[in-house]
Every structure is written in structure tokens, then in C-alpha cells.
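Structure first, commentary second.
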């Protein structure tokens, strides 16, 4: 084959031919020819066409200069409350029906719109800045006959680009050549798929050999024919037409946007997809307008209140029509202007009442809510306990409208690499001949460096064990020597020189951090890997150089789970060195001895510590066996057979720690106590994800882990029921109560879920058939787990046959039912681990849970591969970590560490939700308590829509007289302290169940406010009858003041009763509210204002006259007492009766939620061990082939005829690419 990265040339060519038959290549790109790309057009609408190929400019912001005002207003008026206020303002502007000036509501609405627009504008300015920074990144573009410095935004399809080490790939490029041997290029794709191991890409051999300088690249006119832009990150099919030949292309030839060039000095590529056509941008998704559950509920409540007001206003208008004549005859002395018939008068009265009662939906509530959201966001920014000092990163609330949603999260979707882990591998422990060697005490290691004798030792290596080092230096223990020899030989690490290499310093180029940690450990213990050629590997063993001849090298893959190297030692003996998973190494041992039993115990201990383990073994191979295998290998091109890989002796095991971020296990444990389910969505391999999940305590040993076969069986049983179990409750309650977990991968999701199959799949290869090649002894399930699954299916099958339900009237398609069943099953699991998923699949999983579970979701990640997931979730949290700021720039909240999520949700989230709920409930109560009297008053005013209160009281009641206490509730109220919130995460469940504000709570507030208004109005009316003289308050103005004061004091006493966090600020807010009422009332009822405008200030000294009469004060006190004491007594009795009921419910829940357990059984044989394997190794298949073929190795200096210049941008004349000096 032309390229070792072609993934099987024969199979690939068949896929290419099949793709050409089913899906014609419609995407064309011609090198160094922008005019060719610009000729293609795409029809948008009717005769309107635009260019088919996008530029490399990206715009992730929502608005621009021209669209901001109309688009923002359009979004804001999606709120029903704003539409309602706009309607009332329009009605107020009509003189015939207006009861209040139009500007009294217009000015607050404009302020509210400006506040929200300013908030949205500030968020969008941040997106514009991020877009500008990305679009203006520098790059080198081939213009004419030389490379010129340009910006990313200047790139077009067909351009040839030069990239240097550590550069970020600006677009999806076809790799043309590089300075590495055979035009290899090494990439780090952690920002795309979360994998930390290096990947390699390789140019076609034809471009590698022919495009050797800038002049030849400038004359390159190849044309690429490929598939349309899509979101499939790991698939690409196309061909290169150059001259008269056609060369197949696959994903191994493509550099994806967002990848980072590693260990490659210079590479060159041709732009295939640019801008939003790139695969990473296809996975990024769109910005969604995020609304909280309370916000959506408020929309429905506004509609409900408006309909209620319409009904009330209509009833009062009809009553006016019936009583108009009688009222006019009784009050003949009053002038009643006639505007037409009684029907017309009733029509005007209807609109007058609708305007008068519009205060039932107070504008002040929405204005104050914006300040409350802003204040709680500022408190998040100010929280010192979420400040990460090592990197100087505080928590930041980038969105100010989602704080209450933080208190209702039920599902967290987390990335793994960089989010749960630090992406740092350390050699933690090892077991040799059954003896465990751990790190020495820190006090001893700090005093002296035990590796001073080794000039090759890495100073950053932190594992120190004096006893093991003494054994190594003694050179008497053969097992110890072979142990370190295996680590130094059995790998695919390359040695490269540093930029300015000090004497004897080595720089390793490893495909994974795991492998580098193991080779570095051997290096520090005296077995130093120095160099390799195509068929040799050189070690420095305790100061002595040893050259081993490499006879064969077999790489890791998902089936073998091990790597083997067959070498000939300097003395001529042949040895097979192997490292790999314990499940495959232990089964290949010739004999079972005490050393193996001790090693298995050590592996079990390492697994409990959640360390990543590898077993090491070796065998001395007879020359006859090797010669027979070599002959067969040459004849049939086969790999080393199992009998040759049968191992003679187990050397031991290594334990590597994939360091978690600080506090991750405790955070997950605490969040799970708060009934928050955590799913891990990662692009990494399954073994690594499962190992980290155990380390995080997300998975535990007593969990029954469902894998693909069990899940498919459940879904098949579900479909066989013919929709009899359509709802999630009837389906999933048939499962026994077990502690379940689920581990799946992206390919499985692609097969199961309907939404993942929207894109054409003609060019996608089927899942590889590794399963069919598995050895019989490798796939045997643990006996205990087999019994659990057997029990699960016996119970499930019995209950399934017993459960018969009628078919639903609304039939769903089988695919949708399958999706629903899968999501419902996953929701029953305590943990779900999704491996090898693309960014689009991450977002789709979040969307499916939102669709079928109707829950609040939170996504957290730190890389560009998490952006789509963050945008799709109800709340997006970005970690400002090592993978850049793309996730943080697209998130709603920014944190520095995963552990801060605990405080963000359980403290700030719960407080914000509780504050907003209490604020809304109290605001509705106080509004109805004061304003419902307008309805009762209309029965005594001839239904004339005459206001009861003084106009200034109406205007200032929600603005000053009762605002400060409710604002204090929204900003500072606490039911328990922050420490108590973290100690009792169960308190968080109230928000998940919408306990603090729902329809029932709303109607309670309505009822409470209505009763208060009835007491204030009718008690005052009853006591004012048959009174006369100076002490009488039966006149309109005195009666109005008594009712107003009763209402104001009643709602003030209520706020005193409901506040639980008392501070000086709380007392001041209550006192200032009453002081404001006194001062403003004294001024509005003063003589000098009355003289200026008697109509505007008609209440002259009314409050002074009323309050100077003791009997009136007693009436006000009686009203407040009747409003307060019964409610207080009811609450005390309710709480006393509620506690015993709660205890009984907890006992019932504990009895019904018992977990089905299966008694452990003794181990029957080695293949069915009950110990969990903690094998996890980040390594990509293919490096061994590159080494044995010599593709990855540099040629000796004497072979090179060209010299690579030091500068990353080569000269115009010479561009040598095929080789580089190894010095």
C-alpha cells in the first residue's frame, strides 16, 4: 500500500467504489485556484444564489450592528409578560377608556427592555471578541511562489497552507507533505475528541515524493473530489485527481481544524473545508435561547392572570350595564357624562377595569427580578471559595438569567479529559514477583535525590523507592532486570533531540502519556531507551550499552489488548516480551504459582485504588519455533500465533495514576446525594473512561454494568411488546430494583438512536468485526455478574409477560419508541458512560434526555469538542483549563475546577432558586392583598372603575413602599448556611421537584392575598358603618387610607414572618419602606402641593387625621391581627403534623428502594475471576507498523541530500521535505 494509514487499502478501495456508486462526490477543491471554487453557486431561495464554498471566517455571535435591535426585541417579546404590558400601554393611550396615564407603564417597560438588551449585548460582545481573536490568528498561505503571512479569515478552499510545530490547524486540510519521514504528521486532538494520545496522519506517497519545494507546490494543480461537508469526525472519503491518475483519500490524510501539530517541525496542507464547513464547526451547534422553568411557568401564569382579569372585567362591565340606571337614579345629584348607549358605556367600562386591574401583573416584579438575577450572579463572581489561586481564575457568571435554574439540575453531562482529570500520568506503584513497591515517605525523598548516579535520569520523575533501587543496582534478581527490560523495549516510543540538547539528555516522543510514564520509569531505574532503527533497539542498561535485534512487533488493538515484541538479545537468545491487560496476560501463562496469586492480589489492590494497570510477562522462544514461525510468516504474512505467544513467566504489574482534579470523587458523591445523575461523555476509549469512572466513585464494585448486548436485549423486548409498554413508568418499573450502570460507545449510539441517522451513511464503514476475532477465553463474563444479569432477565421477563396494557391512542414509530426506551433505561442507571462519542453525539444525548425526561440538564467541559453539548444543555459550564477557552467562551458559567460545581449548584443554585421562588410568591401575595380591594370597592361604586386608593399610593406601592423587603429576600435570603447546604445535599431535591414555586404555590399566594384583601376591606367597611364625627372614617378618602394602611402593614408583617436570615440590612429595608411611606405621604398630602394641583394631590392631610384617632388605629391593628394570627397558627399546626408524615414516607421509600443484591460465589477458575480489571491504556494502533516498515524512522545523515532550513517558512527555491538530519 502507498500509505500505512490507509486503514486497509483493499477494504478502503471497495468502500470508495461503493461510495461512488451510491453517493457521487459533489465537493470539489482545486489547489492554488480560488477562481475555480468561486464559480460554484448554491441556490438559496427562488433565483437567489450564493457561493457554495464558505470562507474561513466564523461568526458565533447572535447579533450584528443591524440585527441587534429587531432581533433582540423579537426575542424579548416572546415573553408573554412583555406582550401583556404592551397591550395595556396601547389601551392606556386611548383617552376614552384610560384610567391611568400611558407613560406610567411605558417608562418601566422601556427600562426593563433596556436592562435585558444591555445584558444580551454584553454577552454577545464577548462572542464577537472571541470570533475576532480566532479569525485573526496568523497562518502562512502560498501566494504565487512564496508563503505569505496572512490571517485565518483570509483562507479559502484550495489554498495551500504551511504549519509549524504547536500550530493549530486553521481548516480541514489535505496533508500534502511534511518534514517528518514519509511525510508523517503528529497531531494532538484533545480539543476535538478528548483523546490525549498523539495521532498520526500521512500524506500520499505521490505528493510526498513530488512536492519537495515551494516551486513545485506553487505549480501543484491537483483536484480533490470528496463528500459534502458533514459532522462525522472520524470518517472522510474522497480522491485526488492529479495528472492522469486518481488516488484514494481517507481520514488518515486529513488534518482537522482545531488539531494541534505536535513533534512535527513543518507540514503543508491544502484546504478542503473552510469555516462553518469544517467538521468541528459542523459539530458546534447553534446558540439556543435558554429559558428557565420558572420563566416558562411565569409565561403561563401571565396568560392565566390575564384571562382571569378579562373575565372579572367582563363581569364587572356587565354588572355596570345592569345597575347603571338604578345607580344613576339613586345618586341623581352626581354628574354622569353620557358617552352613548348603556352597551357602549359598558364596553368602555370593561376596558377601564382591565387597565385598572392591570397592576395584578406588576411591572415592578419583572424589573426587580432582573436586579435579583444580576445580584446573584455578582455573588457567584465574588465567591472566594470558587477562586482558583494557582491559575488566578475566579468563577464567572457569563449569563445572569439562569441562576435559579442552577437549583433545579437533575442531570450533569461531563467531559472526562481536562474536566474530571488533570491529564497527567504518574508512575505510582509496581509489583514484581508478587512484591509491591510503592513510593517512599516524602521526608526521605526530600532529603536526597536517589537518581544522582544515573546521568540519564529524568528530574521530573517523582517515584522513589530505595529498596527497589538497591535491588536493581545489585543486578542479582533476574525477574527485576527483565521487568525493567520489558518496559524499556516493549513500546513504540521514539527518541528525539531537544532544541539545544544538553549532554546525555533524552526527549521522548510517545504516542500516549501512559507509555511515556512507563519508559521514563525504566529510564530512571537504569534501563534507558536510547535509540531505535527499523530492526534494532538500543538500551543503556545500568551504564552498559545493549543492542537488541527486533524480530517482530505486534501492536495494541481493542481485541488483543496487549503489545508484544520479539527480540534477539546480544548473546543470541530470543525472547518474547509482552505487556497488556491482566485478563489476557494471566490466561496465557504456562503455570500457576504463588507469584501469580500475589500479583493478582496486588492487581486487586491497585484496582481498588483505581490505578491503571498493565501486566508484564516474557518467554524465551526456542530457535526452532521461531524459525518455523518466520517461515510461515513470510509465506502467509501472518502474525505470531497464540502458541508462540504463550508466556513462560509473569514478571509483575505496573500501576499508573491518571490524576484526577482535586475533590472530584467527593464532589460526585455529594452531587449524587442531591439526586443529581452524572453522565460522562468522552471521545476517549472505553477502558480509560471506565477506569476514571471508578476513580471518581461514579462506578462502584456493586454496580451491575449493562453493556451493548444487554441493552440491545432490553430494547428488543421492548419492541416485541408492540408498544404495550409505551410509557416509561410501565416499562421501566418492570425492571427489578438494582444498582445499574451503563457503558456504551458512539458506534452503538449510531445504531440505536434515530436522530443520529439523519445524515447519509453510504460512505460510513460498518463497525469493525473485532468481536468475531476474539479468543474464546477473552470474552467470558464474570460469574457473579452473569448471575446478576440472569436474575435481572428472569425477573424482567416474568414481569414483562404479566404486564399487559392497552395500546396508546397516539402510536409512535418503532424508531421513536426505541429512542424513548433507551433514554428511559439510561435514566434508571446510577451512572452512564458514553465513550468514543463525537461532539455532535454529545449534544444529541443531551437533547434526547431533555426531550424524553423533561428535566433540567447541565453540561460541563473544557474543550472545543464540548461546545455543542454546552450550548444544547439548559446550563452550560465551561472550565478554563488546558484545552483553551472555547468552552468557557460559549458557556453560561465559567469555573476553574470541577469541584467548584458542588458549591455552584448546592449553594448558589439552591439559594437563587429559593430566593426567586420566595420573591415571586410574596410579590403575588402582596399585590393581590392590596389590589383585590379594587374589585370589592367596585360593588359599592356602581361598577364605575373608580380607583379606591390615592393615585400616588397606587404608583409607589410596588416601587417604594413594599419593594426593599422583597428585594432583600431575592438577594440575601438564606434558609440554611452555605456549609449546611453542602453537608445536607438532600435539600437540593426541593428544586428538582419544583416544590417552592408551582401552580399550587401560586394559587396559595392568590388565596392568601384574596383573604387578606377581604379582611382589610370588609372589616373596615363593617366597622365604619353608622359612624360620624371626627372619629369617623366612612368617607371615601379616610376609608381608602385605612384600607391602604391595613394592607401595607399586613404585607410588612408577612414579610417579617417569612424572612429566615435576619441581618441589619433586613431591618433597615423594612424600616426604610415604612419611612418612605410616611415621608412621601406627608408631602403628597401637604397644603403647598394641594394648592399647586388639587386634582393631582386631592388627599389633603387625610393620613394625619386618620392616624390621630385611636379608634382608627385599633381598626388597623385588628385588620393586621386577623390577617396574621390565623395564618401563623395554621403554619405552626401544619409543620407539627408534617414531620411525622415525612418520617413515615422516608421509611416507606427506604423499604421500596432496597437494592437487589446477589451473594458472591467463590472463583471457579482463572478465566472467571471476580476481580475487576483496571486495565486502561491510551494507545492508538498503527505505530508498531510504522516502526517495522521504517516509515517513522529518519534516514541516516549520509542518505539525506537536502537540508531543512531552521525557519518554519522555507525559501522559495528549496523545500526539502523527505528527510531531516537525525542529529
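We count from 1, first residue shown onward.
Positions of Cβ are set from backbone N, Cα and C atoms, glycine also.
Computed from a predicted structure; not experimentally measured.
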Subject >> Per TrEMBL record, range annotated transmembrane segment [choices 866-890, 891-915, 1066-1090] >> reply: 1066-1090
Original post:
To which of the residue ranges 277-300, 301-324, 397-420 does TrEMBL assign the term transmembrane segment?
Top reply: 301-324
Subject >> Listed range which TrEMBL flags as transmembrane segment, given the options 825-845, 951-971, 972-992 >> reply: 951-971
Original post:
When you scan the chain for residues with a C-beta under 8 Å from the transmembrane segment (84-115), skipping those not six or more beyond its ends, what do you find?
Top reply: 73, 76-77, 302, 306, 339, 348, 351-352, 354-356, 358, 361, 363-364, 366-367, 370, 945, 947, 954-955
Original post:
Highest CB neighbour count within 10 A among the recorded positions 415, 862, 866?
Top reply: 866
Original post:
When you measure from the Cβ of residue 683 (ATP binding site), how many other Cβ atoms are you left with inside 10 Å?
Top reply: 28
Original post:
Quick one: Cα separation, residue 836 (ATP binding site) versus residue 862 (Mg(2+) binding site), in Å?
Top reply: 17
**OP:** Note down the number of other Cβ atoms within 10 Å of the Cβ of residue 417 (ATP binding site), including every protein chain shown.
**Re:** 29
Subject >> Entries of 556, 683, 865, 866 which, being binding-site residues, have CA atoms within 10 angstroms of residue 415 (active site, 4-aspartylphosphate intermediate) >> reply: 683, 865, 866
Subject >> binding-site residues (556, 836, 865), the one with most neighbouring Cβ atoms at 10 Å >> reply: 865
**OP:** Do me a favour and check the Cα-Cα span between residue 866 (Mg(2+) binding site) and residue 683 (ATP binding site); whole Å is fine.
**Re:** 10
Original post:
Between 0 and 100, where does the mean pLDDT of the domain 'P-type ATPase C-terminal' (888-1138) sit?
Top reply: 89
Subject >> Integer Cα-Cα distance in angstrom, residue 862 (Mg(2+) binding site) to residue 417 (ATP binding site) >> reply: 8
